[in-house]
Amino acid sequence: MSDYQPILLLLLFIVPVIYLMDTSLVIIRRNANHMENRLASLTTASLAVMIFFQYVQQLLPEAYTLNLAAYLIYPVSIAAAGCGLLFHLAAAKVYHRLSHTKCIMISAVPLVLYVVLIVAKGTGFFFLGVKSEELWKQALFAPAMYIIFGLIVLISILNLVICLAARTRAASIVERQRWLVLFKANLYYLLAAVLVSVTVVSLAPYFYIPDSVVFLVTIIWCISLRIYMKYDILPSAKKKYELLYQFSPTAIMMLDKHMIIKEANPGALSVLGYKKENEVQNLSLAAFIEGSERASIAEEYQASLLKGAWRNREIAILDRAGKKRVILMDTELMAEGERLFVLAVIRDITQQKEEASLVHFMAHHDMLTKLPNRYHFNRELEASLEAVKTSKALLGVMLVDLDRFKLINDTLGHQYGDEALNEVAKRLYNSVDKRHLLARLGGDEFIILIRGAHEYDEIVSLAENIHQVFQLPISLQGQDFYLGGSIGISVHPFDDDSSDGLIKRADIAMYNAKHSGGNQYRLYTNEMIALVQRDVRLEKHLRKALKRKEFVLYYQPQVDLETGKLIGAEALIRWHSAELGIVHPGEFITLAEQTGLINEIGQWVIAEACQQGRLWQEQGWDDFMLSVNVSSRQFMQPDFVNKVQDILRSSRLVPDRLCLEITESMVVNNLNVARKMLDELVALGIHIAIDDFGTGYSSLSVIRQLPIAIIKIDRSFITDMDAYQGGLSIVKTIVSMGHDLHKQVVAEGVETKEQRDRLRQLGCDKAQGFFYHKPLPLAEFNKLIAAK
């Protein structure tokens with residue numbers, strides 16, 4: 001070997017080895033825990049090892065050449081190609097579609113094939129011998145080795161495909177640029193390898209160059225990775241923390257010891273209302289704090305430098321636009337040389353505070369009227385009772401219940417009912433001195449806490465003012481509604497000493513006012529409790545009435561106006577109480593509605609009527625229609641239709657012999673649900689009648705939308721036929737409209753021959769009333785049937 005040859009070998013082999021190993025170490029130091037870094041570093045190190053052993057091959061005697069090539073140089077080069085493929089697969093995030101095992105198996109195919117064949121066949125299967133000429137020693141390849149080279153070329157092409165596919169899917173410009181760099185690196189590497197191979201073959205007749213120099217083009221891989229790192233494709237620990245700082249939704253600032261902002265991430269800029277970091281650098285964070293707290297928080301910040309970090313320190317600030325924000329700040333002291341800094345992690349809790357404030361408001365206020373609610377009123381009443389223990393002032397509780405509020409809900413709907421409640425709330429608020437407390441208990445009930453009164457006259461004066469509020473109408477949809485208000489008042493210390501007792505006695509006084517006709521006020525007296533006690537006693541007996549079988553049905557005949565023939569009856573409940581005697585429905589039906597007993601009672605009425613209807617049906621009264629009233633609460637039961645169906649099945653009454661009577665107010669406020677239920681009832685074969693027709697606001701629209709077969713004219717219109725000409729016109733209109741809509745029309749409350757004759761002339765279909773018969777007990781009604 002001549003003197004220049006060692007230098008030439010060093011330049012050709014050792015310099016690339018050093019460069020490749022340096023690149024490998026740089027890559028692994030960026031982030032040794034990341035798979036992409038490990039694979040890239042391993043690939044580069046493998047190339048360095050391969051070139052190093054090629055250098056060793058040239059230094060050792062020719063006898064070692066074949067073994068070095070067969071067992072070190074080419075296995076390492078094939079392994080490097082597999083690692084390169086694994087790197088591309090990992091960088092392209094293919095692992096979510098192919099498992100790690102499958103990726104490794106694909107990448108290892110050339111190496112496994114080479115190892116299996118060389119173990120099985122020996123070195124002669126891949127190498128024919130050794131060629132040595134001057135400086136170079138070269139193992140000569142057998143045809144099988146070119147198959148391995150072909151697989152390596154296929155891997156290079158697959159790397160190109162992966163780069164193109166990843167660049168197509170890339171979301172950002174930077175990411176697409178990164179993949180373009182890697183694509184070009186693979187392309188240049190492949191082209192350079194082809195170019196060097198062609199050059200070696202072309203120069204062979206003139207100048208011998210071994211095929212192994214083709215591996216020197218791997219330096220392109222090393223250069224590409226250096227460029228790759230420039231675009232931050234290979235992760236680094238430092239870069240990871242920089243990304244966390246920049247993209248964290250949490251606001252992060254670096255402050256100096258004087259609370260001056262030195263650094264701020266985008267999250268912090270957003271909290272302060274800025275877009276660029278240089279806009280806030282060297283501004284004092286204290287300048288953003290609301291004026292009243294600025295000095296104290298600045299002092300506290302200075303103290304924290306000595307005492308320790310802040311944790312969850314709540315601070316109110318004003319952002320650039322002047323909007324108030326509430327932040328929670330955690331701090332940590334950091335030293336940089338001799339300089340002291342504070343790392344501040346900030347959470348904007350403005351929305352949480354607003355939501356908490358809203359939740360608190362909702363817990364203490366009525367959402368419709370925005371007045372204090374029952375809970376808030378009770379707390380204030382308790383506090384006021386505690387306060388008056390040391391004074392001689394009176395404390396009053398005034399309970400206000402609207403008398404005819406249901407009329408608005410039933411005629412116009414809940415939307416206008418809410419509007420009416422808001423108007424009442426405003427009027428009451430304007431009539432109550434601000435030292436008192438006005439609240440809404442719920443529904444149509446309001447309550448007033450009267451504070452600071454020294455004489456009864458002051459409380460009575462306020463009651464007069466409140467009473468006057470209800471003397472003015474509320475205008476809705478062009479109509480004036482006079483609601484009226486029943487007012488009950490209790491006074492501490494005369495009526496009770498507890499909050500519950502005062503409210504209870506005010507409620508009793510209100511009940512008395514309502515029972516006396518409504519739209520008036522009453523101061524509580526002990527005698528009032530007797531009325532409440534009567535209703536309590538009535539409820540007690542009412543709950544036992546069904547079990548004791550104290551309810552009976554009376555039947556009021558319905559006749560065909562044209563022929564006078566008895567064609568049906570309306571079943572009406574009566575209560576024969578063992579303790580109370582005969583109780584009129586007007587005394588217990590409302591109480592049954594209020595207590596929920598109406599559901600059980602109503603079901604009994606339908607069942608009893610259907611059983612009796614079947615008996616009449618068996619006696620030959622096949623065309624006899626039996627009508628039963630259904631209460632609002634009973635009708636709105638989710639399983640009401642099923643209950644009626646069960647009753648029909650058990651009684652075996654033909655369904656079209658049953659007519660259920662409902663009122664317009666029962667359905668007008670929940671029309672969609674009511675329509676569905678009525679459709680299901682009609683599907684059973686039952687007839688539906690609308691009772692008290694003409695008293696509701698939207699009667700015509702209801703009739704058109706619901707499957708109603710019968711219209712029952714309210715008795716008030718029948719009475720008015722005799723009183724004035726307009727009354728007759730109303731009845732005439734209702735009859736005409738009902739027939740136009742193909743409905744039967746029944747007149748209620750017919751009491752005179754003249755009324756019957758007029759209804760007959762108007763073409764009304766059916767009638768019931770005292771002119772024909774009052775409601776009869778079953779025995780008397782059976783006699784009437786027998787006579788007919």
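We count from 1, first residue shown onward.
Note: Cβ is positioned from N, Cα and C throughout, glycine not excepted.
Here is what TrEMBL says about this protein:
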DOMAIN    237-308  domain 'PAS'
DOMAIN    393-526  domain 'GGDEF'
DOMAIN    535-788  domain 'EAL'
TRANSMEM  6-27  transmembrane segment
TRANSMEM  39-56  transmembrane segment
TRANSMEM  68-91  transmembrane segment
TRANSMEM  103-128  transmembrane segment
TRANSMEM  140-166  transmembrane segment
TRANSMEM  187-207  transmembrane segment
Please report, as numbers and ranges, the same-chain residues at least 6 past the borders of the transmembrane segment (103-128) whose CB is under 8 Å from any CB of it.
66-67, 69-71, 74-75, 78-79, 81-83, 85-86, 89-90, 94-95, 139-142, 144-145, 148, 151-152, 155
Over the span of the domain 'GGDEF' (393-526), count residues by DSSP class, listing helix, strand and coil in order.
57 helix, 41 strand, 36 coil
Can you tell me how the residues of the domain 'PAS' (237-308) break down into helix, strand and coil by DSSP?
42 helix, 13 strand, 17 coil
